[in-house]
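To start, the structure itself, in structure tokens.
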Amino acid sequence: MTLRVAVAGASGYAGGEVLRVLLGHPEVEIGAVTAGANAGQRLGALQPHLLPLADRVLQDTDAEALAGHDVVFLALPHGQSAAVAAGLGEETLVIDCGADFRLRDAADWERFYGTPHAGRWPYGLPELPGARAELVGAKRIAVPGCFPTAVSLALFPAYAAALVEPEAVVVAATGTSGAGKTPKPHLLGSEVMGSVSPYGVGGTHRHTPEMAQNLTEVAGEPVTVSFTPHLVPMSRGILATCSAKARPGVTAAGLREAYTKALRDEPFVHLLPEGQWPATAAVQGANTALIQVALDPAAGRVVVVAAIDNLTKGTAGGAVQSMNVALGLPETLGLPVTGLAP
Ligand SMILES: NC(=O)C1=CN([C@@H]2O[C@H](COP(=O)(O)OP(=O)(O)OC[C@H]3O[C@@H](n4cnc5c(N)ncnc54)[C@H](OP(=O)(O)O)[C@@H]3O)[C@@H](O)[C@H]2O)C=CC1
Ligand SMILES: CC(=O)N[C@@H](CCC(=O)OP(=O)(O)O)C(=O)O
């Protein structure tokens, strides 16, 4: 089967990474590549690393350009996906890297995004309990946010096995590419280099309800998440340190067994050997999440650390993994698992 695939937002970080991953997929032929203000430019002028596509010209993002494809990836700013998807046939698989269709709760959406809720599509994190089954045959997929990917993968085994209380605390470091290409003063090299700074503090980050939604569904009871992201001087990567109070009777051995069982059949999520901790360099460019878990007996808390590349497992790799699942292809087809360290 050769799939004809279009990418909208191909000049951006997420769209560029979708194209990089798709170039390694044996069943994909790249069709239209589209943008906004950069339509008319050569892709090579904006994404010089995508050498095989350098002479492609970016088209306007409209139904005409995106018609006639088996799969369309949307990597557009929040709030634009619904209108674009509406112009595409129901037989086209549409995979949205934006946030528009991730949340079930309209009130959560309106509070954090400030626009009317567009709805909810099958959620593109196949590792979550029940998610893979919902993705098989799906024609619309919502790719998770990058932080919710890392945090949900880190904590779902603990909630699935009822090992922790429903109040999680997450502190995460992220690189600058998560903020996209649009210039912003706080992302200037002179602001970011040599400094680490928190943002979205106090429950204000828009990924907070998405994490709570995922963990609540796994736990079967409401889970709250106190989330504090930090911007660090690197371009790619997320390191999320997640903790929650251990339920009475939880042991280090029981915890390890639960994580081993939950993750042993997952091709992209690896529980590291005891004593080895995840680092972002090891997953750069890979559709891989590295996980380690420990019991802090003095504090009575379970601590889980996860490392992902925000653009690969956190966006484009996860999106292509979900495409494979939806279309009945081998889930790992064409996906990189080797990082770029150092
Ligand atoms: N960066 C990341 O780590 C992640 C990003 N995402 C999501 O992916 C989406 C894209 O993010 P990202 O790549 O970081 O952002 P960028 O700013 O890097 O890219 C945005 C893309 O959208 C295009 N675009 C902007 N406005 C319009 C418009 N009015 N009409 C058509 N195209 C438009 C831009 O084209 P042009 O160049 O012409 O302006 C560009 O191709 C967002 O929804 C984001 O939330 C999801 C997970 C992680
Ligand atoms: C550094 C930085 O700003 N990171 C972004 C990552 C969000 C992201 O990319 O995910 P979405 O798809 O939900 O936009 C942020 O914290 O908002």
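Each residue, glycine too, has its Cβ placed from N, Cα and C.
The domain 'Semialdehyde dehydrogenase NAD-binding' annotation in TrEMBL covers 4-136.
Sequence annotations record features per position, and here TrEMBL assigns active site to Cys146. The Cβ of Cys146 (active site) lies under 8 Å from the Cβ of Thr174, Gly178, His207, Ile238, Ile308, Asn310, Leu311, Gly314, Thr315, each of which sits 6+ residues away along the same chain.
Confidence for the domain 'Semialdehyde dehydrogenase NAD-binding' (4-136), expressed as mean pLDDT, is 97. DSSP labels the residues of the domain 'Semialdehyde dehydrogenase NAD-binding' (4-136) in these numbers: 40 helix, 26 strand, 67 coil.
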